[in-house]
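Q: One structure follows; several queries about it will come next.
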Amino acid sequence: MNGSFFTMDDFDLDGKRIYLRIDINSPVNPETGEILDDSRFRAYSKTINELKSSKVVIVSHQSRPGKNDFTSLMGHARYMSNIIKKEIKFIDSLFSHDAINAISNMSAGDIIMLENSRFYSEETLNADFETIKNTHIVRRLSPLFDYYVIDAFPAIHRAQTTLIGFKGSGPNIAGRLMEREITMLDKFKFFRGSPKIAILAGSKIEDSIKVSRAFLKDNIVDYILTGGVVANAFLYAGGFNIGRKNMEFIIKNNDNYESLINSATQLLQTFRGRILMPDDFLLSPSGRHVTISESINDDEIIADIGFNTVDKYSKIISRASAIFMNGPMGIYEIPEYSIGTREIFNIVAETPALKIAGGGHTLNALNSMHLTKKLDYTSTGGGALINYLSGDSIPVIDALIENKRLFGGKYNGR
């Protein structure tokens with residue numbers, strides 16, 4: 001897909017005025033402002049360092065209105081400065097006179113970070129492009145830049161003003177993170193070799209069902225291995241008794257749980273034998289080990305997959321040619337219920353297959369086990385990752401493609 005849009009290799013960006021849209025939306029301590037996970041900051045250092053001879057203006061967002069971590073980006077600018085070892089000037093507005101004056105007076109090598117784009121209602125209009133391009137954000141900022149580098153992969157599924165609003169203003173260029181994400185995800189989707197597997201676990205049932213449908217319908221994978229709450233939903237859909245507390249958790253956290261269970265049932269019927277579920281579990285708080293044929297008490301929750309399931313999954317993983325992994329097998333944060341996740345993740349890490357992982361809990365677990373570097377790629381995306389792998393229309397990528405059609409004949413690149 002990379003040839004469909006501009007990349008940073010297509011232009012000489014030295015000395016140019018660059019609008020750089022990234023996504024450093026990160027876990028933040030709402031009381032102290034401390035950045036609790038800097039993985040996205042580090043992921044963007046390559047793009048920023050490559051633009052060291054340009055005049056770079058960084059735009060990003062943090063959380064959303066109403067959340068306790070909906071904060072200014074002042075601390076983010078300071079944190080990024082420490083990572084790239086270069087001063088980033090913070091401007092506490094997005095398009096004020098002060099912001100425009102600061103941008104207009106930049107020298108090559110300067111970096112500015114503007115205020116949280118979601119402080120402005122125009123960012124989340126959910127409107128058509130004609131409306132978006134006439135916002136104050138676009139009208140006031142667009143004349144200030146030569147190029148627009150769009151590198152916010154984790155937000156590609158959102159048609160927000162600072163992401164797609166400049167597609168008619170000049171060349172919109174995929175940044176290095178965007179380019180790498182798409183390259184690696186496409187590599188998995190179109191990888192030749194069998195068997196290909198997806199490990200879908202954790203608690204996000206709707207996302208996993210969505211990906212499962214796309215992966216199986218388009219024969220992107222041969223098998224799906226389930227764990228966590230995702231497995232519980234498929235087990236219930238398959239007619240198994242998962243216990244009262246486990247079903248209550250599904251109902252409480254999914255308003256559309258009936259629709260999700262129906263979808264899971266249809267997938268099991270349509271793709272028989274290709275969605276694999278646990279055969280045994282560890283239960284909390286009792287610590288009991290039970291097989292799927294045994295009863296689960298009303299006060300017990302499924303906290304981990306059991307040893308039989310680990311053995312069954314391991315045999316499939318060891319033969320895989322390519323693996324996509326999203327979600328832990330159980331409550332991995334509690335040591336006694338982390339065994340399934342640890343065993344499966346370690347087996348994945350040691351296989352020679354193409355290995356790609358995504359999702360916040362997955363990456364946290366991999367980091368805690370010091371396994372991240374053993375994988376071929378770990379994605380920064382959450383909802384964006386799911387939407388991309390599911391084959392959905394992606395507003396930001398669509399905008400990049402349309403922009404190249406608009407400006408491809410006007411710019412001959414380097």
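Every residue, even glycine, has its Cβ placed from backbone N, Cα and C.
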Q: Out of Arg40, Arg42, Arg176, which is the one Swiss-Prot records at the substrate site of Asp23, Ile24, Asn25, His61, Gln62, Ser63, Arg64, Arg118, Arg158?
A: Arg40
Q: Quick check on the annotation: Swiss-Prot has Gly359, Gly360, His361, Thr362 binding ATP, so which of Glu300, Glu333, Glu402 does it put in that site too?
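A: Answer per Swiss-Prot: Glu333.
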Q: Applying the rule Cβ within 8 Å of the centroid of the Cβ atoms of Glu333, Gly359, Gly360, His361, Thr362, what extra residues of the same chain belong around the ATP site?
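A: For the ATP site, the extra neighbours are Gly202, Gly327, Pro328, Leu363, Asn364, Ala365.
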Q: Count the other Cβ atoms sitting within 10 Å of the Cβ of Gly359 (ATP binding site), across every protein chain shown.
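A: Total other Cβ atoms inside 10 Å, all chains included: 24.
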Q: Taking the binding-site residues one at a time (His61, Arg118, His361), which has its Cβ surrounded by the most other Cβ atoms within 10 Å?
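A: When each Cβ's neighbours within 10 Å are tallied, His61 tops the list.
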Q: Quick check: of the binding-site residues listed here (Asp23, Asn25, His61, Ser63, Arg118), which one has the Cα closest to that of Gly360 (ATP binding site)?
A: Asn25
Q: Around the Cβ of Glu333 (ATP binding site), how many other Cβ atoms lie within 10 Å? Please give the count over every shown protein chain.
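A: Result for Glu333 (ATP binding site): 13 neighbouring Cβ atoms inside 10 Å.
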